[in-house]
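A.B. asks: When I checked TrEMBL for this same protein, it listed these features:
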- A:48-226: domain 'Wntless GOLD' (DOMAIN)
- A:227-496: domain 'Wntless-like transmembrane' (DOMAIN)
- A:233-253: transmembrane segment (TRANSMEM)
- A:265-286: transmembrane segment (TRANSMEM)
- A:306-323: transmembrane segment (TRANSMEM)
- A:335-352: transmembrane segment (TRANSMEM)
- A:377-407: transmembrane segment (TRANSMEM)
- A:428-452: transmembrane segment (TRANSMEM)
- A:472-493: transmembrane segment (TRANSMEM)
Amino acid sequence: MAGAIIENMSTKKLVIVGITLLLFQAFAFMVGGLLAPSPTTAMPYTATKCVDTVKHRQEKKWFMPWGPNRCVKIQSFKEAVAQKIEANNIVFAVHIPLPNKEMSSWFQFMLVILQFDIAFKMYNQIEDGAMVTIDVGLAYRDDTVGEWTQMAQSFEQRKLNCNFTTTKTLENEGRFYECDLMPFMEVGSVSHKYYLLNMRLPVNERKKVNMGIGEIKDIRLVSIHQNGGFTRVWFAMKTFLTPSILIIMIWYWRRITLMSRPPVLLEKVILALGISMTFINIPVEWFSISFNWTWMLLFGDIRQGIFYSMLLSFWIIFCGEHLMDQTERNRFSVYWKQVGPIVFGSFCLFIFDMCERGVQLTNPFYSIWASEVGTELAMAFIIVAGICACLYFLFLCFMVFQVFRNISGKRSSLPAMSKARRLHYEGLIFRFKFLMLVTLFCAAMTVIFFIISQVNEGHWHWGERTVQVNSAFFTGIYGMWNLYVFAIMFLYAPSHKRYGDEQSSGQCITGDGGASSGEDIQLTTTITRVDGPTEIYKMTGKAAQE
Amino acid sequence: MAMDDFHGGLVCTQDYCDGWMDGETERKTERINRYLAKLSSVGSIRDEETCERLRGLIQRQVQICKRSVEVMDAVRRGAQLAIDECQFQFRNRRWNCSTLETMPVFGKVITQGTREAAFVYAISAASVAFAVTRACSSGELEKCGCDHNVHGVSPEGFQWSGCSDNIAYGVAFSQSFVDVRERSKGQSSSRALMNLHNNEAGRKAILSHMRVECKCHGVSGSCEVKTCWKAMPPFRKVGNVIKEKFDGATEVEQRKVGSTKILVPRNSQFKPHTDEDLVYLEPSPDFCDFDARTPGMLGTVGRQCNRTSKAIDGCELMCCGRGFQTQEVEVVDRCSCKFHWCCYVKCKQCRKMVEVHTCR
């Protein structure tokens, strides 16, 4: 029977294909676990408290926390009190990275998180809803002696979410508040070697700026960047995967075009899935090594978003095309109800991402979560996206349930059918169940590994070696979905095998080339789109139902 | 006597802080606080020559000092931190750490190890680890983290796999610098064993209370990608932990097991102490009376006490049953203040009458 390759393949060959894919899968996990370092590094910094001795500065001065041109610094604010230094003259300086290190464009991105150490004082407590206003500047340079070049400058407001866990008594003065981490900065490319952050917390009593924020003891920052080693492994993986998916995609589409009938919806969707996978795979990130492309982070999000929505749409359409209820679908518009939530949900996330990472292209300190309105807006987008996701999964579950109901209905009537019709349905059921199984397996793997990587410390010790669980998760899962798309394109490509006098089991002799493509008597690749002889079966099917 | 041990334990202990003063005059009766204050005004310890001038350091410590001069500034800050924290934690007790102020830097014989000594050793070792780690993260030290304990061996190091935690360096430094005194004495004496144990317990107080903080930064900020790191607890927290360990410290004695000597609980019915517990060898004196022969043993005469409290800060216990005097004192207090986050306060002065109880 001429259906998809998967139906016509011998069990032996199918097992071989399966094992090969599993081997690649294991390889993908191993690359991440054994070869790559952990995906990201967090580096803690304590801001150096520099003293700006000049009252009104004409031009911008950058304060270095250490090194030859270090600023005049104080260790604690006790000294500042003694020397009568005002809050407005204190500059918090942080140099990224630490001495003797260099940043590199292999780090891909850099996030900075801000934390305040605020001591509890009975008569100087943090007021409710206190906002802290930070006058912050970011500069870079590429050698250790040159001048700093300003990259960004901004007045930022952040809400102090601090609580004091013990009782607020005189006894407990000097203990620190526990404050939430504040997202502070995000840059989408690390193309310079040295970065310098200068922060001031200007006080203005009249305008109530930085009043009631308690007694600040220290400012701590944490910078997060992708590890260079992980980036290299990741790039290598992408560079390897791109041609693999591309080749199978071309091969798949050639097969489809060789058929006498035009491609059906499901075939087009599979191709679209392949294209979106290739879109993710194409290692454009290589350019970020030599070009200062800050939009790479946003672009990566968009690519992933497109792939996810394509994958979700594929599942819906695959289920729909295997419903076996004799309804003519094969049009994208039929699925608007199911695909609508996906499109709308991802659109919401896209808008949200544009509001966050999009704005960060111009102001790296921007955070949508910093303002009241922004937080509500962001939450609204995320909630709508969440609702869309729920809706989608309801639809999907309902469809899968319908398919299974139809399958069990068909099962009972199978023996009574004609041979060709029976094979057709058996093929459908097999195809569906196979994909269902593989999809469930992949989804379960993703969830399991996600949980492991969340719960775990990040690396396991395995004898002498350290296994980087988080890296293994990324490379493994990425490899897995690539293999998934690969397998779908390979196994669900139309078979060239001629249906005729072979055994009814759907298995056939190996080594059949694509020679007979011209006179393909495809029963169908999808159930509804029928061409040629299958029209009869459809009619007979209808008759049988009646 | 026992008092000597306290000072014996402080980072500036057994005397090596003394040397930091400036080494010219050996003022053994100098107050610790004073010379630490002096020390901080001395400026940083920059060149190797300063190491030589620092008296009180044993030879091995001078070597470490020379090898890592840049760290010594942090060690100095650590010493101050330890004293402040000790005084805070013991402010309501008969021995309130302030006795150190009037105590000679050198103790007479450091043979006794009391609970208080255990505390001081622990907080000192912890404070050095803490201060060095802090200095690492502010970029003051050049050979922190990355050069030591890089996980994942690779030639590129930082570029390939980032850095290891700074705390590892801080703790390792504290181990090599603070512990070397005890180690050089040989591990035979029970006092050395006790000190080493308490030093380690102090550092464990930091290590086991590291907070894990995480940030999600996946697609649209989802937790698909999450990075976690360990953050040091505030030093007040470390002080509280060590104080709790002080309250539950175990009295131990030395016993020989095979060829090694170990400390075991004196009372065999107590469960053995863990690495994080403090241990001591001798019960503490009551700290009630001034003892001219024991420098630093001030007694509690003249100390303020709390009349309503039944605890150790209550007049009953604090004054050791000698009774107390009550005085009405006018206190000028600051009130309705306006604070800036740093360094500036504008207040009105309020006068009020307060009853002050002092021990006889």
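Cβ coordinates are placed from backbone N, Cα and C, and glycine is handled just like the others.
I would like each feature placed in context: is it buried or exposed, what are its neighbours, and how far apart are things?
C.D. replies: Mean pLDDT of the predicted structure over the domain 'Wntless GOLD' (A:48-226): 89.
Remote same-chain residues near the transmembrane segment (A:265-286) are listed as 108, 231, 234-235, 238-239, 241-242, 245-246, 248-249, 252-253, 256, 296, 299-300, 303-304, 306-307, 310-311, 313-314, 317-318, 321, 329-332, 481-482, 485, 488-489, 492, 494, 525-526, 529 (criterion: CB distance under 8 Å, separation of at least six residues from the stretch ends).
Taking Cβ pairs closer than 8 Å, the transmembrane segment (A:306-323) reaches residues 264-266, 269-270, 272-273, 276-277, 279-280, 329-330, 332, 334-335, 338-339, 342-343, 345-346, 392, 395-396, 399-400, 402-403, 406, 428, 431-432, 435, 439, 481, 526-528 in its own chain, all 6 or more past its ends.
Beyond its flanks by at least six residues, the transmembrane segment (A:377-407) meets 312, 315-316, 319-320, 322-325, 337-338, 341-342, 344-346, 348-349, 351-352, 355-356, 368-369, 429, 432-433, 436 of its own chain at Cβ-Cβ distances under 8 Å.
Using a Cβ-Cβ cut-off under 8 Å and counting only residues 6 or more beyond its ends in the same chain, the transmembrane segment (A:472-493) has close neighbours at 4-6, 9, 17, 21, 24-25, 27-33, 36, 39, 230, 233-234, 237, 241, 244-245, 248-249, 251-252, 255-256, 266, 270-271, 273-274, 277, 281, 311, 431, 434-435, 438-439, 442, 445-446, 449-450, 452-453.
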A.B. asks: For the transmembrane segment (A:428-452), what are the same-chain contacts with Cβ under 8 Å, counting residues 6+ beyond its ends?
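C.D. replies: Long-range Cβ neighbours of the transmembrane segment (A:428-452): 3-4, 6-7, 315, 318-319, 322, 324, 400, 403, 407, 410-411, 469, 472-473, 476-477, 480-481, 484, 487-488, 491-492, 506, 527.
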